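Sequence annotations record features per position, and here Swiss-Prot assigns N-linked glycosylation site to 2. Among the features that Swiss-Prot reports, phosphoserine is placed at 287, 294, 300, 303, with the record citing experimental evidence. As annotated by Swiss-Prot, phosphothreonine applies to 307. Annotated topological domain 'Extracellular' per Swiss-Prot: 1-24, 78-90, 157-174, 240-258, in sequence order. Feature annotation from Swiss-Prot assigns topological domain 'Cytoplasmic' to 46-56, 113-135, 196-218, 280-309; the stated evidence is sequence analysis. Annotated transmembrane segment per Swiss-Prot: 25-45, 57-77, 91-112, 136-156, 175-195, 219-239, 259-279, in sequence order, evidence recorded as sequence analysis.
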């Protein structure tokens, strides 16, 4: 299987005019809204916030990854008219894939950081620091970019938005599936542990109880965004791998499903930006509440709200 390419579905995907127009509108809205929200987020992170925290470093890198992916969307729009496998298309596809899986990796890092802060607040003082967060981000960038460059040098091509399936094989599926399902397991585990810890924490007053509820809601919201945006695409890739390479009629349907779910995953760029403010506020509050007395925690909350305003 490793050395056999699929011979089915060699023609480019064609869409009815109404559906193609819908793609144009959807991607156009994502591009404009995503650029505005992520640019604003970067401005706040870099110019308006006073202290570089672990969460701020992760979210700054996430905003950069989302902006890089958004910059490839004009090429996605162009691919609806021209699917030629040009060097520019392949470069754009590489940037697109790099930042998709970088976003997945950073969301996973944020989930782990959140887990350590809430479940192990005393140990977190030694495990968490801005320098360590920056090192984690640097390692993730190197790993994601390096793996994609290695696949390109080996001549293993993934469909991406230049969606031509004539060269998909087992190897081309291994990276995206491994690059999602392992992070998914980590994100689900960390999220459930954090929610459990928050639910078991006895509130000392109304303010602490409200902060805990907000933090728990944000965990569920982040997990929901991650699953809704990325799971359908990778389930489709899994199905494609499972059905084999000669079921031509079924593969044509899967190709269309993969294209649609790939565009759905792009919505993560906008949804991430909406979550930035709440992620910074609620989880720094939750971490403060975990290790500080009530009065001191309220003071920390008030100071943090002023900083983010």
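Note that Cβ sites are derived from N, Cα and C of the backbone, with glycine treated the same way.
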Subject >> Counts by DSSP class (helix H/G/I, strand E/B, coil) across the topological domain 'Cytoplasmic' (196-218) >> reply: 18 helix, 0 strand, 5 coil
**OP:** Within the topological domain 'Extracellular' (157-174) only, compute the mean pLDDT.
**Re:** 51
